[in-house]
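A.B. asks: I have a structure I would like to understand better, so I am pasting it below and will then ask my questions one at a time.
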Amino acid sequence: MSYQTYPYQQQPSAGGGGGYYVQPPHDPFRAYYADRLRQLTFNSRPIIQDLSMMAGAQRDQNNWDGMNAIVQEIEEATLRALPTQKLPLLYLIDSISKNIGAPYTTHLLPPIIPRLYLRTYREVDGVTKAKMEEMINLWRTGGPNRTELYGSGVREQIERDIFGTSYNHTNGMNMNGLPNLPSLPTVQQVKNAVQGALDKKQREAASKAWDMATGQQVNALTGILNLLNSTNVPPQELAQIMDQVKSMNGQPQSQPPQPQPQPQQVFTPMNQPVTPNWGVPPPQQAIPPFPPHSSRIPPPPAAGRPPFVPRPTPTPPQASLNTPLHMAGLTTPIPISNPVVPLPVQLPTMANLPIDVSKILNSLNQSGVVGQSKTPEPQAQPSTPTLSQGVQQKQQQQQKQQKSSLEEYEDMIIGLGVSLRSIDLNAPHILSLEHLPQRCKQCGMRFASDDNAKFQSHMDWHFRRNRKERESAGRGSHRRWLPRAEEWINDTYSSSSAEAGPSTNPMLNSPGKSASTTMTISAERLQQLREKWIKVPSSNAKANSVCPVCKESFVKEWSQDEEEWIWKNALNINGTIYHATCRAEQLSAMRRLKGSDPNKRSTSGSPRLTPQPSEQVKAETTNTTTSSPQMNVKRKAEEEGEAGGQKGDDEKMNDAVGSENKRIKVEQEQEQTTGSVAQSQPNRLGDNVTPVTVLSDIPKVQVKEVEVGVKVEQEEEKEKMDDQLASNLENSGIV
Amino acid sequence: MSEEPSAPREQIIVDLEPGSEWRFELEADENIALRVLSPDPVFVNSEELPPATWYPIHRYTKGALYAPTQARVEVTSLPASQYTSTSTIHPQLLNVHLALERDRILAKRHLFGSGPSNGVERVERGPRVMIMGPPSSGKTTVVKNLVNLALSSGMGWTVGVGGLDPSSPSNLIPGTISLSTPSHPLPTHHLAHPFGSSPTSTPSNTLSADTPTVGWWLGGLEPTNRNAEVWKVLIERMGEDWKKRCVRDKMALASGLIVDTSSAFTNALLGTKKGDPKARYTLVAQAVEAFEIDTILVIGHEKLHIDLSRLPILQQRGINVIRIPKSGGVVDIDDTQRELIHSFQIRNYFYGEPPLPKELTGLLGKMVSVDGNLNPYSFQIGWETLVVLRVGEENSAPSSALPLGSSRILSPTRLTRVDPSGPAHVVRLLNTVLAIEQQEEEEDMEEVPFKEEIGTREVLGFIVITAIDTLKKKYTVLSPSPGKLPSTVAIAGSIEWVDSA
């Protein structure tokens, strides 16, 4: 084929799936075509033929990009051509339309032809004008089966503009003889309107495949269209249909010719991977909403080759009904917004209508096409934030549904009736996860859709873990001692918040509960904290402030009791406003940092502790475990030698890690004041325990060592801060 | 690999037919990561793999991916031993799960009073299942599958896992039996801790870790006739604790219990005493009683199935014995393998998750979160301080050595303090794993050896004697946590471990 010889032609990727789209400005084919167009400065049959063939080739490949590009280039070329050189380009359009036909004649050209023709017509000289008039006259029967070349309306629109309203160039067969009667629409107008509505409904149906109502409407409209095409409908009934369809579209009664043609409204690629399938009517529900902004937008990448959709073309007897007056035009704009225009005309009494039409109207009514304007669709609601009550109700409804989704699962399992007593191991069951569509992005765990409480607590759990991990990074972690049986038995976290997981409440993980009670915030405490509130600050700057911990803004609420706007879960600490819960978590995190490791158990005062190595020895242990690797190595060596020099060694080490040591002493003092049982025991065994080394890898310890100095400082600072904040908290009445 | 590190890796794709398994057996030098590229779920031991996320699997692991529907999985490298099979027992396990799930739901509705289920029988508590089978029949895998199926149903179950197989400990180290309550599906990354590991000081990122666990120390790899009495006491205590937990925690009661057992349970004469020579499956019956088991799943073993079905004690209790097929993918593990696994599990207890292998660190794309290493601590402790005990008659003179006519009057659970001063003991104690047992406040160290009950208390953790200094009379021990030991009563067993990387 000839198009294969085009050197620059990029094989379009519409069907390829994995390919990419060449953007229009860089489209080599487009550039090539534009080049060839520039050569069309005189009436050259070969060039016109060639360009037409290329247009045909694009159609054969079902390449909408290419076809769009061709039409745009032709239009641009025509507009910028010298007046004397415009005619060949119009002839090219004529040639493409007549030789290639659809989709150029149905989708691509009709939107641009009127303005293009009219603009050109005004610029060219008389001879050319005459030739253009000649051309447009031939369009009347230029289509297949001697139909209108560009469907309907296009030629009329042009003629109306060129020849004025009084000009009736047709065979003078105005059936009404009342050309100025606007109230009785023509078959054509009605068809256009119906077609427009149909297009819109089809798009709607495609975007909401589940919506049965829209599907019914599509069917009803298709029925009307078929009826209009096949029979003669009296003008009055036409008017009624027209009114209803208009009311459904929210379309003004008389539509001026569209000055800005919108090709995308007519151009409806199908969202189905169908092989090129010319002339076969497509399944109507499959039309996707077309991208509304740019006519250059290629068909959606996911779509296969969009098959071309032929419009029903008017049959000659109907064409005779045409009135060239007040045409709605082919380019009926299709309002995208929800139709809220009330019915302008009362519904006609069904009995008066011929049976077919009344049937249609009935079906229109039943399918909700007509009634729609009165009862706005429910799915319009969620997008309006003002309807908070409605939203709430909806959420509640969803929650109810959600609850029932897990319940449904329960019922389903019970309904299966698989019992251990009479089990058939080979029964063909499949594992259903359908009740758990929501997945955690971090770990892939599944949740019931909109079961937000569980999902949220799961995400919180991730968050806490990640934070804890960051906090303890570089510190080195270790396996905990196991819980005692009692602790495990009483560990009922799982019954209260099943999804929360083991780490939801770190308190439950640590063997020494008393050690960690100070570290975490209990549920009741959180609840208390959430009840804290402050007045919304009057100054604007403050009112826009965010919590310094979580960086989120505060939620304003109207307090009935206070008759004030308040922020819940908020605290004012020295002029800075925090979320009460964030603040508490931060504080507890600080305490955790401060009191982190190395020996929580000893601080717990747990009654099970028996005669233990003294605190002094414990401090030594701590020293050693956090001391430098060089020391450890040295230490090890000396141990292997003799035990004698140990004490001096210890002192040296204490010097080496002086600052660290201080901190530990502070801690020790604190511990002593807390009065652990262990300390009250006689110190019988103390000397027997001698710490040796940290068995972690040396490089790791080196990292630690670098950090130790910094950390000590940080922690001292934090302790200070912590204390200060604690007193603040006390002042503010939390603690 | 001669491949340059920067060279783009070739994609290795494994396509799974609906209902098929991809089985892999990793060798010592094989670490792989895999990720699911298809939209439908793919499971490893019934844990759904996260979508399009690398999932590392460490060396020596043997496992299988199961795809109920057509699936596509990418692997970093193909293991030498890998194949797909359509002979999977997942449909059977699913049927078992559906039956268990039904009981759980009915129990939950009963316990939480969310409306009676009309027309359905009343179930007052969750199912309690015990899995039995010969060695290398996939018991632990079946348990794991059933647990994961329950935990991923979205119902928030906290299924109890009873690990009655000391040779394949659920969460701790070999020689222990344990009870744990995982609440998230358990991943399969490596050999250790098939049911999640016990908590560490840093919260874990993998869903398996931080599994609240309570453990008991048997000190041996399986119940034998010699330690049967100790075993029974331990099981009794476990059962009591489980009951107490169920009283406190209705969700645990509704979720039920799944018990993994030692392959020694298949031995009919195990635990049979001279006084009652006709007793069969004594330990099985005892465990059934202790945990109020209502269903026994027997893997493969036809004779065991028949035996148990006919066992009077079980019949009286109305125990439901169900035989499930053995998976075709089960690999027979030899002794070397077992030792390797045991060593790995102990290592994992002290040092945490194995680090991500080098070949898996540079992978492009998301990776499931992996936990970091743990740092154990080593220190010296005096011989006098640490009271090392042994439990049971195993360590006393054989009955044949007793004077003629006299019978043993010592309790089978008596404690013997190990005196490290004897040269033989030094050898015996080196590299021994000791279980730290809880110690009550009022207990005097002098009395400890005479309080038998101590020997069967729950354990708080494990230490290893890595060196013994006879001159200074000190042990050097490896402890999981820094600081002093929570108790100085330690029970020795027959488990040894050499800390070699």
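These residue numbers are counts, starting from 1, taken along the chain as shown.
Using N, Cα and C of the backbone, Cβ positions are placed for all residues, glycine too.
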A.B. asks: Would you identify which residue of B:LYS62, B:LYS232 TrEMBL lists as part of the ATP site it also attributes to B:GLU21, B:SER136, B:SER137, B:GLY138, B:LYS139, B:THR140, B:THR141?
C.D. replies: B:LYS62
A.B. asks: List the helix, strand and coil residue totals of the domain 'Clp1 N-terminal' (B:16-105) as derived from DSSP.
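C.D. replies: Reading the DSSP string over the domain 'Clp1 N-terminal' (B:16-105) gives 16 helix, 37 strand, 37 coil.
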A.B. asks: To see if you understand the setup: which same-chain residues, six or more apart in sequence, place their Cβ under 8 Å from that of B:GLY138 (ATP binding site)?
C.D. replies: B:ILE299, B:LYS326, B:SER327, B:GLY329, B:VAL330
A.B. asks: Rank the binding-site residues B:LYS62, B:LYS139 by how many other Cβ atoms lie within 10 Å of each Cβ and give me the one with the fewest.
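C.D. replies: Selected from the binding-site residues B:LYS62, B:LYS139 on minimum Cβ neighbours within 10 Å: B:LYS62.
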A.B. asks: Using Cβ atoms only, which residues of the same chain lie under 8 Å from B:GLU21 (ATP binding site) while being at least 6 residues apart in sequence?
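C.D. replies: Once residues fewer than 6 apart are set aside, B:GLU21 (ATP binding site) is near B:ALA64, B:LEU65, B:TYR66, B:ALA67, B:THR84, B:SER85, B:THR86, B:SER87, B:THR88, B:HIS90, B:GLY329.
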A.B. asks: For the domain 'Clp1 P-loop' (B:133-352), would you mind checking the mean pLDDT of the predicted model?
C.D. replies: 85
A.B. asks: Where's the emptiest Cβ shell within 10 Å among the binding-site residues B:SER136, B:SER137, B:THR140, B:THR141?
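C.D. replies: Relative to the other binding-site residues in B:SER136, B:SER137, B:THR140, B:THR141, B:SER136 has the fewest Cβ atoms within 10 Å.
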